[in-house]
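What TrEMBL lists as S-adenosyl-L-methionine binding site is 66, 91, 118, 141. According to TrEMBL, the feature substrate binding site maps to 145, 177.
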């Protein structure tokens, strides 16, 4: 029988709790991607229903959620350098998740789980109160056009979700190579009562891969921010 945390938020009437989808939505995926997802995803998928970290990982440990993990370079690096923590890596891009699964399997990373889909839905329907030690948001889509600003992940409604999900003293790490996005994050946090933001040093464990490498190659500045939960 699955466990249901008592502090999971109530859902609006008519809303069905999200179920763990098949990692592979049959479509335009390569045979290699499909094989990796079919074979490796079940070993690292979350159980259905509300997230119970001790069930998902088989132990009780601080849990870190990485939103938009891409090919998993940072998630795997963090899991390997912080074996005392558990890591849940999430993205909507299936081929990238497939590559991460293969790499994690090759390196035998035991404290990593993978989920595909919308992180907002996960936070709204499956993550219990005060269950996350930290959240990592590295190089999110900056949605540079003003008319698309509401699509940026860091905004008041999502900060509310993060404030509920983080444990007391928890934090969010954000990295971006877009100056306007860094300013957007600082502005959003300045207007939120549960977070304080400040610029911070780049974490030494994070590899220079993917969007960070592209940003550096293009001569852009990498900004690291830490959002501390308060109150």
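Using N, Cα and C of the backbone, Cβ positions are placed for all residues, glycine too.
Caution: TrEMBL annotation is automatic and unverified by curators.
Features recorded in TrEMBL, as mapped to the structure shown.
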residue: 66; record: S-adenosyl-L-methionine binding site; DSSP (3 states): strand
residue: 91; record: S-adenosyl-L-methionine binding site; DSSP (3 states): strand
residue: 118; record: S-adenosyl-L-methionine binding site; DSSP (3 states): coil
residue: 141; record: S-adenosyl-L-methionine binding site; DSSP (3 states): coil
residue: 177; record: substrate binding site; DSSP (3 states): coil
Going by Cα-Cα distance, which of the binding-site residues (91, 118, 141) sits nearest to residue 177 (substrate binding site)?
141
Expressed to the nearest Å, what is the distance separating residue 145 (substrate binding site) and residue 66 (S-adenosyl-L-methionine binding site) at their Cα atoms?
25
Pairwise over 66, 91, 118, 141, annotated as binding S-adenosyl-L-methionine, what's the top Cα to Cα distance to the nearest Å?
14
Pick from 66, 91, 118, 141, 177: which of these binding-site residues has the biggest number of other Cβ atoms within 10 Å of its Cβ?
66
Show, in sequence order, which residues other than 66, 91, 118, 141 on the same chain lie with their Cβ within 8 Å of the centre of the Cβ atoms of the S-adenosyl-L-methionine site.
67, 68, 69, 90, 92, 93, 119, 140, 153
